[in-house]
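Listed in Swiss-Prot:
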- 1-16: signal peptide (SIGNAL)
- C42-C131: disulfide bond (DISULFID)
- Y43, G45, G47, D64: Ca(2+) binding site (BINDING)
- C44-C60: disulfide bond (DISULFID)
- C59-C111: disulfide bond (DISULFID)
- H63: active site (ACT_SITE)
- C65-C138: disulfide bond (DISULFID)
- C66-C104: disulfide bond (DISULFID)
- C73-C97: disulfide bond (DISULFID)
- C91-C102: disulfide bond (DISULFID)
- D105: active site (ACT_SITE)
Amino acid sequence: MRALWIVAVCLIGAEGNLSQFGDMINKKTGIFGIMSYIYYGCYCGWGGKGKPLDATDRCCFVHDCCYGRVNGCDPKMGTYSYSFQNGDIVCGGDDPCLRAVCECDRVAAICFAENMNTYDKKYMLYSLFDCKEESEQC
């Protein structure tokens, strides 16, 4: 448990889009994104395998697929430009790669908000060892 706390603290203070993504999740859902989604289901957090467990986990699966299509920058570390306008997330900036990363995060944050009713605490801190079904293709 101590190791998980250290990871969480490091992520909260992370520069780049991991902290930006957490901010988007917080603004769209009203909950603290990093802690609520970091090890949720089979796809939220680093890595992923098996079939998504619910619609919330599917948001993470789609987000992973989106990151996989980004070329030219590190999706987890680059800092992108975004703003909130009338409750909407608006991605900006001149770098097409970072804008693509922002769009991945924006779509995932909206997906989390639209699927909050599927969020199940039993999938928090879920072990990838329990994700045994064949993985889906993006």
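Cβ atoms are placed via backbone N, Cα and C, with glycine included.
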Nearest-integer angstrom distance between the alpha carbons (Cα) of G45 (Ca(2+) binding site) and C60 (disulfide bond): 8
Integer Cα-Cα distance in angstrom, C65 (disulfide bond) to D105 (active site): 12
Closest of G47, H63, C138 to D105 (active site), Cα positions, recorded positions only: H63
8 Å Cβ shell about Y43, G45, G47, D64 centroid, Ca(2+) site members excluded: C42, C44, W46, G48, C60, F61
Sparsest-packed among the disulfide-bonded residues, when each Cβ's other Cβ atoms within 10 Å are tallied, from C42, C60, C138: C138
Residue among recorded positions D64, C66, C97 with Cα closest to the Cα of C42 (disulfide bond): D64
Cβ packing number for C111 (disulfide bond), 10 Å threshold: 17
